[in-house]
Amino acid sequence: MREYKIAAIPADGIGPEVIAAGLQVLEALEKRSGDFSIHTETFDWGSDYYKKNGVMMPADGLEQLKKFDAIFFGAVGAPDVPDHITLWGLRLPICQGFDQYANVRPTKVLPGITPPLRNCGPGDLDWVIVRENSEGEYSGHGGRAHKGLPEEVGTEVAIFTRVGVTRIMRYAFKLAQARPRKLLTVVTKSNAQRHGMVMWDEIAAEVSKEFPDVTWDKMLVDAMTVRMTLKPQSLDTIVATNLHADILSDLAGALAGSLGVAPTANIDPERRFPSMFEPIHGSAFDITGKGIANPVATFWTAAQMLEHLGEKDAATRLMSAVERVTEAGILTPDVGGTANTQQVTDAVCEAIAGSNIL
């Protein structure tokens, strides 16, 4: 019996709702497979913890998480706590503290979900966006001077290192090489950002020589939004900086139908530390407590987690169950359905068990 220890951090907004759904589905997979077990410990870190303790997580939070095989994360952010506090107090310290430098965000149109793109047919939108997750625009360097005065100034410094850019390019090329189309698009803005982004382009060209079987091209980030919208079938694997990929992956989720179906994995490819898996939709306080949050993104990121742990059969079984459920029209309101979170979750669990969901 293979055993895994998972740290669950539901955190804020709809995070607890979708993580509860995800844990229910993982339990169903565990029962169906019969050859692995998942032991979960839940941490109450997040905005409520901050209001009580003045920090989003305890000082030894990373040390507590080191003993786990993976982290299952909900969402962070609250209306009454500044966003820079919630993000820099919990999610980013985990990503950067554990050097989860590869943020992997798959996107495709699931059966039964109608995308907003008029000319997008089956298979036309099937991408993986690789986001540099450790430096770039979110490196945390900068400051403010003369605060409150007319001459106040704020700086936000993007940091690009040869080590950081090389490893994310190599990861992206390897991923593209493993996918059927062997196609990679490198997103840049080197026409206007003439230092870090020019280095980014140069390193992409250097790394490409290691992968002669991968076809790659380069695209300015603003033009990339147009290409994603008008020619989705021309794309497959995409690599971009921390900020650019953050924006483009939200666009990708929307083009696939909803952020409620968009997952992400924060990976330490060297496996020195636990990797973290989460939906990208955020805390969504406008629907918190209504029971209508879409759990599909959480199921998909659970599949990413299972695959990372080596349970590929269980990951495939989970995604097959999700696609059976969406194809049957059991959908939450954000993708045009009338089902609630629990109904979708129960249907996926039944599909995993082999029951007839129709």
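Positions of Cβ are set from backbone N, Cα and C atoms, glycine also.
Fair warning: this is a prediction, and the values are worked out from it, not measured in the lab.
Residues or ranges marked as Mn(2+) binding site by Swiss-Prot on the basis of similarity to another entry: Asp222, Asp246, Asp250. Listed in sequence order, Leu259, Ala262, Ile280 are the same-chain residues at least 6 apart in sequence whose CB falls under 8 Å from the CB of Asp250 (Mn(2+) binding site).
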Shell of the Mn(2+) site beyond Asp222, Asp246, Asp250, same chain only (C-beta within 8 angstroms of their C-beta centre): Val221, Thr225, Leu243, His244, Ala245, Ile247, Leu248, Ser249, Leu251
Least Cβ-crowded entry, counting other Cβ within 10 Å, from the binding-site residues listed as Asp222, Asp246: Asp222
